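Working notes for the structure below.
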Amino acid sequence: MYSIFFLLLCQLCFQYFGNELTLAYAKSFVKKSDVNDDPAVNINDENTEPIIGVLSQEISKLIASKFPERNYKSYIAASYVKFVESSGGRVVPIWIGQPREYYEDIMTKINGVLLPGGATYFNQSNGYHDAGRYIYEIAIEMNDKGIHFPLWGTCLGFELLVYLSAHPNEPRTYCSSRAQALPLEFEKDYDKSRLFANASADIIHILKTYPVTANFHLYCLTQETFAAMKLNEIWRVMSLNHDWDGIEFISTIEHLRYPFYGTQFHPEKNLFEFVKKRNITHTSSAIRASQYFGNFMVNEARRNHQYFANRTEEANKLIYNYNPINTGILGSSFQQQYLFDDEDNARDTVNSLNQSLIIFSITSAYTALNLSREVWL
C-alpha cells in the first residue's frame, strides 16, 4: 500500500512539474551537497544564487504604437537585466499596478530590487511611482527587522528614492543633461561611503578623469534642495556633476541607515546600449567602471538569504520566461525591451496560485504518507 500510494503521488507531481519534480523534492526533502555549501569555498556565507527584482514601468506610446495587435502595458529595458546577470545575479520582473500584498510577497522571496530609469511620471496612479513607494516602504520595514534588503535606483529610480524620502515635498528641479557623458566630481570623504570604500584606485581614477558616466535626465537634485529639505540627514552625497547649462546636480548617493543606493547616471548603458548618437562611452575603461557598480549591487544582494519555496516557483518567476524585442530599430533609445501585457501578469499570478496549491497538496500527502507508514509499520 505504501509503495502504491507513493507511486500515485509521484505520478501526480510529474504531470504538473515534469522534470522539475526531482528539483522540488530535492530542495524540500533531501539535502544535497554542493560546492557553494562548503565553508572553505563560500568563506563569507554569501547567497551564491542572488535574485534581484527589476521594477517594470509604463510603456511608451511610441513602442505601444508599433504593436497595435498587442495590448502591451509595461516594459523593462533589457540592459538592466543584463546588468544584473553580468554580475552573477538573476532577475525577476516586478509588475506595476498590483496591490501592496503582491510586493510584500515577492520581496520575501528575492534578495533586492533595482528601480530602473525611464520616462514615466510620478503623478500617474497605479504605476511605477505607486509600486516603487510600496517597495521603498516594505524595504524599510524589512531592514528595520534585521533583514538586509538592498535597493538600487538608476536615474528615474534614483530620483524616486529621494522623492519618496522627501514626501510630501518635490525635491527635483528642471535641468538639461541629455546624452551627456561626464566624469564624476567626488565630494570630500566619498571614500568613506559604503559604495566607494572598496573601489580600486584604478576605478576611482577612471570615474574622476574620463567622461564615462552616461546621463539622460531632465530633472536634477541639487545640494541646495538637499539642505533646505534636510535630505542630508537621510542621504550621503558622494559625487556631483554639472549639466549642459552649468547647473550643479547630485550624481551618487547612499542612504545613511539602509542599504539603498542611487546613481543619476546609467552604468548599464555603457555595457549594453548601442543605439547610435547617444553619446555613451564604450571604452574598456568605461566598461570596467560600469561593471564595478553592477558587482557592488549584486554583492549587496548576496547578503540576503531569502529564497522561493521551491525551484519550480522560482523558475516560473524568472525573466527567462520572456523574450526581449529589438526595439532599437523601432526608434527606441533602448536596444532591447521586454514588453508585457495583462496576460503576462495574470499568468504569473495563476502560476503562483497553482504552485502554492500543488505544494500544499504534496506536503499534506507526504505528511499523510509518513503517518500511514507508521501505522502499517
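Note that Cβ sites are derived from N, Cα and C of the backbone, with glycine treated the same way.
Residues or ranges marked as active site, nucleophile by TrEMBL: Cys155. In the shown protein chains, 25 other C-beta atoms lie within 10 A of the C-beta of Cys155 (active site, nucleophile).
Cβ environment of His266 (active site, proton donor): Gly117, Thr154, Cys155, Thr213, Ala214, Asn215, Phe216, Glu273 lie under 8 Å away, each six or more residues apart in the same chain. Annotated active site, proton donor per TrEMBL: His266, in sequence order.
Under the heading active site, TrEMBL lists His266. In the three-state DSSP scheme, His266 (active site, proton donor) is classed as coil.
What TrEMBL records for 1-18 is signal peptide.
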